[in-house]
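Comments concern the structure below.
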Amino acid sequence: MAIPIAILDCDLLLHGRGSKILDRFDLDSVSDNFLLTNFGFPRDFILYLVDLLREALCRRTQRSRAISPEVQVLAALGFYTSGSFQTSMGDTIGISQASMSRCVSNVTRALVEKAPQFITFNREPSFEEFERVAGFPGVLGVLDCVQVAIKAPNSEDSTYVNKKGFHSVACQLVCDARGLLLSTETHWPGGLEDTIVLERSAVHKHLQDNKEGWLLGDGRYPLRKWLMTPYSPEKSSSILLACCVLHNISLQSGLDAWTLERTEPLEQPKILDQKPEDRDSEAEELRKQIIHKHFS
């Protein structure tokens, strides 16, 4: 599915837009509502994030007029929530567009370094949580692949053009019943089918010989012993990975993941037309047993 966010302006991330020098931003001078509206997160979480990344951000700014970790974090959050650089955002926090692009790069690298700490499959299976939410037993997580729009690469590389005709990066995600991300792969060209991304992913290798539990996927995926799919269809890169880490950090700090309204309905997934030789009879029998035992 495609998620309705602004197109990431990677050229501006790399090169910035100018060299205007302004007075620095004071976090204590604005209201909680201002921070939430402009940067997408409440004050307490922003301060927590600053402390979490402070060492890495100070390490990357060995300048006489170094930009504070607080301003760097705000610059990055402003970019992550809007998807592009805006002159007004740089003016708000008192830095030039060129400085803002450096801040986003610094914070992105710092968050990506935290990925192994905040995004991991090495957790206790959340069987009970999923069964309580949906009555489905043995669920390790929910699998999906989303398309995030990007600016067209400078080269004539068509691999990033997805089936809807725009350039994107395919992000394969697995989450638990809370929405906490267990696995994120944010580097696949948007032109790849979801099934191809899955076959080439670390999740496929990790669960191939799994003997306990399974993932849930929609009808675009093949049925496997470790991946349960429905009988019928249902509605259901570094910056992207940094956003995934940020998502988990916010959940683990107590924020609600489901506060933003979806701007467009979930699309109807296309059912995978499996060839006879691709069918897994053991997985089909396992799915029948699950449905008969728990949903009949």
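Yeah, the Cβs are placed from backbone N, Cα and C, and that goes for glycine too.
Please treat TrEMBL annotations as automatic predictions, because they have not gone through curation.
The DSSP breakdown of the domain 'DDE Tnp4' (143-232) into helical (H, G, I), extended (E, B) and coil residues amounts to 16 helix, 33 strand, 41 coil. Annotated domain 'DDE Tnp4' per TrEMBL: 143-232, in sequence order.
What TrEMBL records for 268-288 is compositional bias 'Basic and acidic residues'.
Taken from TrEMBL, the feature region 'Disordered' applies to 268-296.
The average pLDDT computed for the domain 'DDE Tnp4' (143-232) is 90.
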